[in-house]
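Chemist: Dropping the structure in here first, questions after.
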């Protein structure tokens, strides 16, 4: 063991000894080094160091099955920070569990707050369940089950705590020989109803059905000598998935393997190998979005897997016949009327679509009526319908995504035109059928008085004039986005102006949330939920084209870090967008307000940075449409109830073709300080334009300073210029917002964020990293980063480029709202 390690261990305790072989605990004064281990009471599990790699072995602290000759690791502590053979595990001076490398540096810690009086009583205990506890007496302060690696053991909980924000999810290894976090993760969705996902690089890869708040299921197998019990439970603020088995002697685990599949494995002692009981995802239909919106995937369908829902048909029949199901979509055979002419078709045994809204404790009739009264509602479902009169009501607004026919599925009621109910009578739901039969019975009675009704109608029309339809839909609008013509009609359900006025109390000042360059945002109440209503200014540069662009674009984008568009309105000169309401409003309200910024500690800020990066990665690489945002800034980042970021305001966004890398425009629009130099000077924009804006935003989040504050004669031209000077002077600590210094135990990650921010604001687009590389650099603390070059618009750049003196002389354009500016002549 290295001399420096011995010195550090001696400082931890006066009497420091190696852990005794076979002991199930570690206490102050003992340690575990290479070739030593802690064994649980019954000998089921062991904790110690294991190594991977042949040329330069990397050592990790892990837990594995002790009685199985083939080492099967179920948990790893220092996944991202391996040590050499001189690594050591002990209780630190603060009572926390720590892994030390050969130099005595702490590479991993349990990192919990421990009262000074309890430090000497702390101990680590390895349980027979495979859970490793840090406790003082009977009080558990930390446990490995709350921080899973790639393996889900019986008794473990995978899920979230709604109060603390703690997430317990699995993350795969990179490969069988590298336990570092891989591309895949498995956990509970935090944005909607109770459902579990496998994500690939944070993008949905596979999804379970929607569960009620609690569920218990017993599974039996013909060839297994035991039963296993699956539980989905809401327990206080804790929502989780767990499982157990009836035969505690059986060795069973569920592992998220590097290829993205969950595998349930059982150890066969006779053959000395692991046997796979099941895998997920396995079939085509298990993969997220295998079929297009408004279609379902049939697991038993061969050779055709995807089918349009009843009442829908392929938009391009030829594409559909070529099994090009993801690029083609299903469209309605008969457009909705959004009045009493709509009803619901009952579709049985399906996995419910993604992106639903949940209202608890509602009658079945009220659930149907709630959906029918909202023209944007495309479907609803009843959860726990067999448990009394009160049910949970799920509703969908927009595309119905990721539907699968499943024998264990549920019932979905899809909104269609009444004619579809007549033509598909056997598939219609009970409520709609009763209403349809009632209409047929009344037809004879109504026809007797039709002449009287018509006479009265014409009299009324002369007196009051023709009324406009309150709610309708846009169809047949084709726009050119990103230089490519639209490839067909797009249907958008919209709200009536009357309903919008009622929701906002006639656009009352009391309901105003904010104001920007393109209009005003109000808080609204649509009875079913609170919403944010963006009323475009009649004097703004955003006309019908931008309005339709934003509406269509957002309706096709689905990601947890993008704001969700619920609907729109276009009557007369009014252009209105209706979004989900973000109670915490926008990032700038917290970041730049001295009274609020302290609530954004470093942990929250980094989670916001990661979320914005994931949202931008989705836009650039993983969405069905490659999108350049063009106006990324703090005021366009909204925060939900738990401070998850959502990118908003797509009025300036442009869609690129799959092979397109750059576009140009004579009409430069955006916000000073966030625009890249090639865009502001020459009208050229690309993914790298968004990368530049992200870099500025990243520096703002770290420093707590608005970029606009630097338009003064005594400072560099921009925030990045100031950051560049301090970075070169090795004064990185001076960049950190004073309000977060106390919440950051180590500045390494903050310095990494500053480093990445400077890489993103480099003058040449070719020097800036792509979004996948940005995400990798932010998530991997061990990745080496290139040295940044001088940023665009730094103090030196100002002297070289007289074109941007105007920026310095027009600092009065800035306001607290950071208005988006449109420049007809940008050169």
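Keep in mind that glycine also has a Cβ here, set from the backbone N, Cα and C atoms.
Residues or ranges marked as signal peptide by TrEMBL: 1-22. According to TrEMBL, the domain 'Bulb-type lectin' annotation covers 23-147. What TrEMBL lists as domain 'Apple' is 338-417. Marked as transmembrane segment by TrEMBL: 439-460. Per TrEMBL, domain 'Protein kinase' is recorded for 507-793. Annotation comment: TrEMBL describes 534 as ATP binding site.
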Chemist: Per DSSP, how many helix, strand and coil residues does the domain 'Apple' (338-417) have?
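Modeler: Secondary-structure composition of the domain 'Apple' (338-417): 9 helix, 42 strand, 29 coil.
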Chemist: Just counting, how many other CB atoms are there within 10 A of the CB of residue 534 (ATP binding site)?
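Modeler: Around residue 534 (ATP binding site), other Cβ atoms within 10 Å: 25.
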Chemist: Helix, strand, coil residue numbers for the domain 'Bulb-type lectin' (23-147) per DSSP?
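Modeler: Within the domain 'Bulb-type lectin' (23-147) the tally stands at 9 helix, 57 strand, 59 coil.
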Chemist: Take the domain 'Apple' (338-417) and average the pLDDT across it for me.
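Modeler: Over the domain 'Apple' (338-417), the predicted model scores a mean pLDDT of 85.
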